[in-house]
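Engineer: Quick one: structure below, then a few questions.
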Amino acid sequence: MELGEERYPIYVGAGLMAQLGALVRRHLPETRRALLVTDANVAPLYGEAARAALEQAGITTARVTVPAGEASKSLSQAYSLYSSCVRAELDRTSAVVALGGGVVGDLAGFVAATYLRGIPLVQVPTTLLAQVDSSIGGKTGVDLPQGKNLVGAFHQPSLVVADVETLKSLPRRELSAGMAEVVKHGVIRDEEFLKYVEVQVGNVLAGDPAVLERVVAESCRIKAEVVAADPREKGLRAILNFGHTVGHALEAAIGFRWLHGECVAVGMVAAAHIARHSGIAQEGRLELRLTRLLERLDLPTTLPEGMDPKDLEPFLRRDKKIKSGVIHWVMPVRPGEVVVTPDVSPDAIRWGLEALRR
């Protein structure tokens, strides 16, 4: 990842967990202490292997396990981790190592961004969604009762280590949810990659390691290109929010009972409907192509049964892409190309949301 004078490596491959300590020492040679943050689901699977790899490299490592789930992305949990940093005697050469999915990465990243005004962060994503999206780009944060990621900071990791072997332990539902972000990358930037995903759906869901490695590597490439051009989301990087306007609103409206990727899938379909109704989409019925692909990946493409689209409206008004009271929508023009625009009529939005009604 190249960010002007800043740069950091993204490692993608099988068997990287055993090399974690050596990789940290290579890129953070001054680091002698670390706080390893993981959750209750990941700790029994990889917690000891990660800690041992760090210790073998001469890095004294304290391990902290937080409850699994979105509720851990809170200021109270961050406060608890600050106390763990103090007990572990971390200094500005020490590292926070985030071992887990997006929740752990966002939470631990926020702590690394703010403890001692910023210490090194190592992302070790263990879910597909985290490997292809949330571990890259430096966004960290916690939630408030009023919505997701309302408190946060930009803090780039010192390195990302994505061991695709960890995907073997993922429940099928989480693997599918991660594929929503993969599809997003194809729609916003690379139609050839989108076609590859369409062809490889069966192999993805079967957990084919070679296919998953390519899916992760290509997604990382696409996201890295976008983030490198716009690290702090002043322009181009906003395209990575395709599907997230409605997706984040849906997550909050239903109390986070669906996975993030499931809500993003619905959000992408909504954006495609709105783009067609607004005359922005240049290719006919992209929403049908998207719907077919997402459904083959076992992802939802409509709202939960019985949900009124109007229930999304209060949460849409809190979208982070609002400027001067107007949402800037990420709209698909054609596969591989999107545009960010505030020029979307209320009628088109209503029509697009109604199209999601089950």
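Just so it is clear, glycine is given a Cβ too, placed from its N, Cα and C backbone atoms.
Sharing the features that Swiss-Prot gives for it:
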type    : residues                                             : note
BINDING : G102, V103, V104, G105, D106, T126, T127, K139, K148 : NAD(+) binding site
BINDING : E181, H244, H260                                     : Zn(2+) binding site
Engineer: Using DSSP and collapsing to three states, where does E181 (Zn(2+) binding site) fall: helix, strand or coil?
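Structural biologist: Once the DSSP labels are grouped into three classes, E181 (Zn(2+) binding site) ends up as helix.
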Engineer: Write down the Cα-Cα distance for H260 (Zn(2+) binding site) and V104 (NAD(+) binding site), rounded and given in Å.
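Structural biologist: So the Cα of H260 (Zn(2+) binding site) lies 14 Å away from that of V104 (NAD(+) binding site).
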Engineer: Sequence gap of 6 or more, Cβ distance under 8 Å: name the residues on the same chain that satisfy this around H260 (Zn(2+) binding site), in order along the sequence.
Structural biologist: G102, L129, A177, G247, E251
Engineer: How many whole Å apart are the CA atoms of K148 (NAD(+) binding site) and H244 (Zn(2+) binding site)?
Structural biologist: 11
Engineer: What is the interatomic distance between the Cα atoms of D106 (NAD(+) binding site) and H244 (Zn(2+) binding site), given in whole Å?
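Structural biologist: That comes out at 16 Å between the alpha carbons.
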Engineer: Quick check: in three-state DSSP terms, what is D106 (NAD(+) binding site)?
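Structural biologist: The residue in question, D106 (NAD(+) binding site), is helix (DSSP, three-state).
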Engineer: Expressed to the nearest Å, what is the distance separating H244 (Zn(2+) binding site) and T127 (NAD(+) binding site) at their Cα atoms?
Structural biologist: 19
Engineer: Determine which residues of this chain, when E181, H244, H260 are set aside, have a Cβ within 8 Å of the centroid of the Zn(2+) site's Cβ atoms, and list them as they appear in the sequence.
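Structural biologist: My list of surrounding residues reads L129, D133, A180, K184, G243, G247, G261, C263, V264, G267.
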Engineer: 10 Å Cβ neighbour count around V104 (NAD(+) binding site)?
Structural biologist: 30
